[in-house]
Amino acid sequence: MARFEEQKLYIGGRYVEASSGATFETINPANGEVLAKVQRASREDVERAVQSAVEGQKVWAAMTAMQRSRILRRAVDILRERNDELAALETLDTGKPLAETRSVDIVTGADVLEYYAGLVPAIEGEQIPLRETSFVYTRREPLGVVAGIGAWNYPVQIALWKSAPALAAGNAMIFKPSEVTPLTALKLAEIYTEAGVPDGVFNVLTGSGREVGQWLTEHPLIEKISFTGGTSTGKKVMASASSSSLKEVTMELGGKSPLIIFPDADLDRAADIAVMANFFSSGQVCTNGTRVFIHRSQQARFEAKVLERVQRIRLGDPQDENTNFGPLVSFPHMESVLGYIESGKAQKARLLCGGERVTDGAFGKGAYVAPTVFTDCRDDMTIVREEIFGPVMSILVYDDEDEAIRRANDTEYGLAAGVVTQDLARAHRAIHRLEAGICWINTWGESPAEMPVGGYKQSGVGRENGLTTLAHYTRIKSVQVELGDYASVF
């Protein structure tokens, strides 16, 4: 018996039945409980959502900037009023501790929406003088209908990161949440409607990426795809978006981010950063600093400090306010992470702690994996090369700065990087050489609304958040005006 009623699609400002008649289940990873049956959208449903978005976008774009701004600001207020309710639902669906979802997921998503709500009236063109009798002006116009495809690790936050700039710029969005964690995106659709967003401007279609995601990516009336997920899937989405109708794309993809701890670093601070960069949200964060480079002279002291902090991790029931480490998001993902851990053991990385599924008592019903630290890792190990997306830290030893930078950059990814040092010149010198789109000095993990987020290399295309993102949800129209005579050559 599912905890919640069957979840429908959200099209045109209301819940509607999927025409497919098919459903899938969403599971609480803490105990295997079926939370709800969720309806699976068909190609016909995608078409309904697109047509609804086309009509809704016309109404939305015709509003004044101040009208749109006020409506989005009202949605921010509702999000904050319902923070605890949404956090509780997010915890059930993702397995994240309630202490985390209450303080991070909805809070940071609402911050992004508030940021873009304030920027709506600032979307403007420019005037370019040509000569006394002629000038050019530009208009920033919405793209039209755009699609967002979300990942399972930050469901409502990602939905807000994608919809906030899209709606602020006057677009309509069709959002497809991950099949694994679909519930809070539907609640966000309710909130937008309650705030006054016109029907059709934010639709939610649930289903698989192979079907619903592909149909959205191919649709000729969709002007842009914003995707968060794995690199291999991102490449397919990008290829389909280009071949179908030359859609614009934003891709926030995988990472294998380096954290370099220099010999002069405060090791207590470095250990705090390393543990947060690997075990917050049970290691399911795309920017995690999973390759931890420590100078040979500091290895033993650093490892001891890391182990001391791992002992403070409170693995438990996500509903318990004292828990700060929950299960992985699903049982299939747990098996994937355990497979990587076995690979690390087989390739002779030295296991400092963890390395197994947690099955004591009630934990045996959930997708729990112990915080795991490997050391004496080599650059060619699978756990060092590939994104694991779980609570697995790899410690690597280096001898000098040039070596650390070279090895840190020796990856197909370039999402994030960080350094810990008390030498300001060294910090900036190293950061300027690191090939990553998001970098931190003496900290890790914060991604405020004002900060553009995105990767180098195979970690993505484009950016989310910040001023630059708003521009990518508009297109520029250039208009020349001639006030004088027109000179024809004929």
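Heads up, the Cβ atoms here are built off N, Cα and C, so glycines get one too.
In this view, D93 (K(+) 1 binding site) is surrounded by 26 other Cβ atoms within 10 Å of its Cβ, with every protein chain counted. Residues annotated as K(+) 1 binding site in Swiss-Prot: T26, I27, D93, V180.
Cβ-based neighbour count (10 Å, all protein chains) for K162 (active site, charge relay system) stands at 26. For K162 (among others), the entry in Swiss-Prot reads active site, charge relay system.
Neighbour list (K457 (K(+) 2 binding site), Cβ cut-off 8 Å, at least 6 residues apart, same chain): T411, E412, Y413, G414, E435. Per Swiss-Prot, K(+) 2 binding site is recorded for L246, K457, G460.
Among the features that Swiss-Prot reports, site 'Seems to be a necessary countercharge to the potassium cations' is placed at E248. Cβ neighbour count for E248 (site 'Seems to be a necessary countercharge to the potassium cations') (all protein chains, 10 Å cutoff from its Cβ): 17.
Proximity of E252 (active site, proton acceptor) to non-local residues of its own chain (separation of 6 or more, Cβ distance below 8 Å) is seen for F227, T228, G229, C286, V453, G454, G455, S459, G460, E464, given in sequence order. For E252, the entry in Swiss-Prot reads active site, proton acceptor.
Every protein chain considered, the tally of other Cβ atoms within 10 Å of the Cβ of C286 (active site, nucleophile) stands at 25. Under the heading active site, nucleophile, Swiss-Prot lists C286.
In the three-state DSSP assignment, the secondary structure recorded for E464 (active site, charge relay system) is strand. Summarising the environment of E464 (active site, charge relay system), the number of other Cβ atoms within 10 Å of its Cβ, over all protein chains shown, is 25. Summarising the annotation, Swiss-Prot assigns active site, charge relay system to E464 (among others) and lists experimental evidence as the type of evidence.
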Closest by Cα to E248 (site 'Seems to be a necessary countercharge to the potassium cations'), out of the recorded positions T26, I27, D93, K162, V180, is K162
Other than T26, I27, D93, V180, which residues of the same chain sit close to K(+) 1? List them in sequence order, counting a residue when its Cβ is within 8 Å of the Cβ centroid of the site.
E25, N28, P29, L35, T94, W152, E179, T181, P182, L183, V329, S330
So of I27, V180, L246, which of the binding-site residues has the fewest other Cβ atoms within 10 Å around its own Cβ?
L246
Reduced DSSP assignment, I27 (K(+) 1 binding site)
strand
